Amino acid sequence: MRWSVLDTVLLTVISFHLIQAPFTKVEESFNIQAIHDILTYSVFDISQYDHLKFPGVVPRTFVGAVIIAMLSRPYLYLSSLIQTSRPTSIDVQLVVRGIVGLTNGLSFIYLKNCLQDMFDEITEKKKEENEDKDIYIYDSAGTWFLLFLIGSFHLMFYSTRTLPNFVMTLPLTNVALGWVLLGRYNAAIFLSALVAIVFRLEVSALSAGIALFSVIFKKISLFDAIKFGIFGLGLGSAISITVDSYFWQEWCLPEVDGFLFNVVAGYASKWGVEPVTAYFTHYLRMMFMPPTVLLLNYFGYKLAPAKLKIVSLASLFHIIVLSFQPHKEWRFIIYAVPSIMLLGATGAAHLWENMKVKKITNVLCLAILPLSIMTSFFISMAFLYISRMNYPGGEALTSFNDMIVEKNITNATVHISIPPCMTGVTLFGELNYGVYGINYDKTENTTLLQEMWPSFDFLITHEPTASQLPFENKTTNHWELVNTTKMFTGFDPTYIKNFVFQERVNVLSLLKQIIFDKTPTVFLKELTANSIVKSDVFFTYKRIKQDEKTD
């Protein structure tokens, strides 16, 4: 695999997003807890696995978790040699998510190399065939692809997240798309079909699109398209049934079970439905701000060779098919986003390398490209700044652990209610039981919770006052509030309005204040401090003992 400085920048940006937002949310919980259990208990003793206590509505595949756990194992081995004492395993969580980010990042780089190899091969052939004629050059196509990626908040932020769409699914679909660009159509159909049945069934729409348009463009026969699709589905089914039936202790094929429950039975619609056009009118616009890449797609498609057209049409087919599912989420079509960027990169490379700079309009047109990337990057950083404040459960757990360590508290039980568990609490964040003896209870059943309530020494909950806690005599206070955790809840426009609409000021004087009087750094700090609203959402309580009450 060829490597460039920009490849390193891509991985660095992905890592930066990870460090800025180290916690996870409920959508990521299955994979992160499964990876924790595999690393902690091994695959041979599943009796203590979290999914047996909290199985969820339908089974989910363990295949991705097993792969990521295997790739993370060397870190555990090295850390055991160093023998450093760590209060929690949050560092392991960061490594695990870093491995997920690495698989996604390397797949983007591989796809970039496939794009560039395709254009380099085409250019060489044209040079041999037309020695005396000018030909279009696309030497920067791969570079533009990476630049568009780096400015994409959704791909950079979520590349390290243990959402099922990003744990092996997106990396392998990127490889499949790369194989199409290299002319390996049968292999691409085989791999994408395997990914669909093992990891995410919606990828079957992308796989079908690759097969359909490979046949339409006469790259393979219909027989081969069907044959390799069946081979992929067959091998993937065998892998999933073998692995997942073991972990779930019953025969299952999770992606089929999920399809029957969510799509056939219609339970996914309970999470909300949107119009057929929503992916095109809302989600794609949300993922491409400003919409330069989308605008370049029309131009890029006209210039694209057949291989790239197959990739782009297959991705469009994927989005269209998913549009008929009433419940929509941006991550369901994330596998099509790299293809959109491939076309955008093709259009950008053509303009950048082949447009003659003779008119002012041409200069302005070319200037839009780097300006657009800079704008996307700044928008992405703004989204990151806000998004990192949306994991208060993880912050609350960290503050609780710090208190336990600082005050040398041992052998206690803390109950964590559902909302904190959904916004950052994971098994990796728990203190080492052998050292501190802290039990982290997450019981959801009301009857069991009432029975266990007297045994809790601490609570991390969403209830703002002790009088609102369940199973308590409202006239007697048994709990002391020891900590609160804030979360981003909105914007206050007062500061920016007062700054912009000062008396007797114009644009130049405002810029002077920002650049010279305050400096941009100070202005941004003041802007964020005065405009971003954070409110208390989680509350940590300590049980008041009888002797403390008397005192």
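Just so you know, glycine gets a Cβ as well, placed from its N, Cα and C.
Residues or ranges marked as topological domain 'Cytoplasmic' by Swiss-Prot on the basis of sequence analysis: 24-61, 111-136, 249-275, 325-331, 387-417. The topological domain 'Lumenal' annotation in Swiss-Prot covers 83-89, 158-178, 224-227, 297-303, 353-365, 439-551, and the record cites sequence analysis as its basis. What Swiss-Prot records for 3-23, 62-82, 90-110, 137-157, 179-199, 203-223, 228-248, 276-296, 304-324, 332-352, 366-386, 418-438 is transmembrane segment, and it gives sequence analysis as the kind of evidence.
Contact between the transmembrane segment (203-223) and the transmembrane segment (304-324) is supported by 3 or more Cβ pairs under 8 Å, counting only residues 6 or more apart in sequence. Take the transmembrane segment (418-438) and the stretches 90-110, 137-157, 179-199, 228-248: counting Cβ pairs under 8 Å, 90-110 has the most.
Taking residue pairs at least 6 apart in sequence, the transmembrane segment (179-199) and the transmembrane segment (304-324) share three or more C-beta contacts under 8 angstroms. DSSP states for the topological domain 'Lumenal' (158-178), grouped as helix (H, G, I), strand (E, B) and coil, give 11 helix, 0 strand, 10 coil. Within the chain, the topological domain 'Cytoplasmic' (325-331) has long-range Cβ neighbours (under 8 A, six or more residues past its boundaries) at 154, 158, 163, 165, 262-263, 268-269, 271-274, 278-279, 283, 286-287. The list of residues near the topological domain 'Cytoplasmic' (24-61) in space but at least 6 beyond its ends in sequence, with Cβ under 8 angstroms from a Cβ of it, reads 68-69, 72-73, 76, 89, 92-93, 96-97, 161-164, 167, 198-199, 240, 243-244, 246-249, 252, 254-255, 257-258, 261-262, 267, 390-391, 394, 421-424, 426-428, 442, 444. Within the same chain, residues 108, 111, 115, 119, 136-145, 148-149, 152, 154-155, 158, 165-166, 169-170, 173-174, 177, 202-203, 206, 279, 283-284, 287-288, 292-294, 296-301, 303-304, 308, 311-312, 314-316, 318-319, 322, 325, 365-366, 369 sit at least 6 positions outside the transmembrane segment (332-352) and bring their C-beta atoms closer than 8 Å to a C-beta of that stretch. Per-residue pLDDT, averaged across the topological domain 'Cytoplasmic' (387-417), gives 95. Listed by sequence, the residues of this chain that lie at least six past the ends of the topological domain 'Cytoplasmic' (387-417) yet keep a Cβ under 8 A from its Cβ atoms are 20-25, 87-88, 90, 157, 423-426, 429-431, 436-443, 449, 452-453, 455-463, 482-483, 485-488, 532, 534, 537-538, 540. For the topological domain 'Lumenal' (297-303), DSSP puts the residue distribution at 7 helix, 0 strand, 0 coil. With a threshold of 8 Å between CB atoms, the same-chain residues lying at least 6 positions outside the topological domain 'Lumenal' (297-303) that come near it are 136, 309, 312, 340, 342-348, 350-351. Panel annotation: around the topological domain 'Cytoplasmic' (111-136), residues 1-2, 7, 142, 145-146, 174-175, 177-179, 181-182, 303, 305, 307-308, 338, 342, 345-346, 349-350, 353-354 of the same chain, lying at least six beyond its termini, place a Cβ under 8 Å from a Cβ of the stretch.
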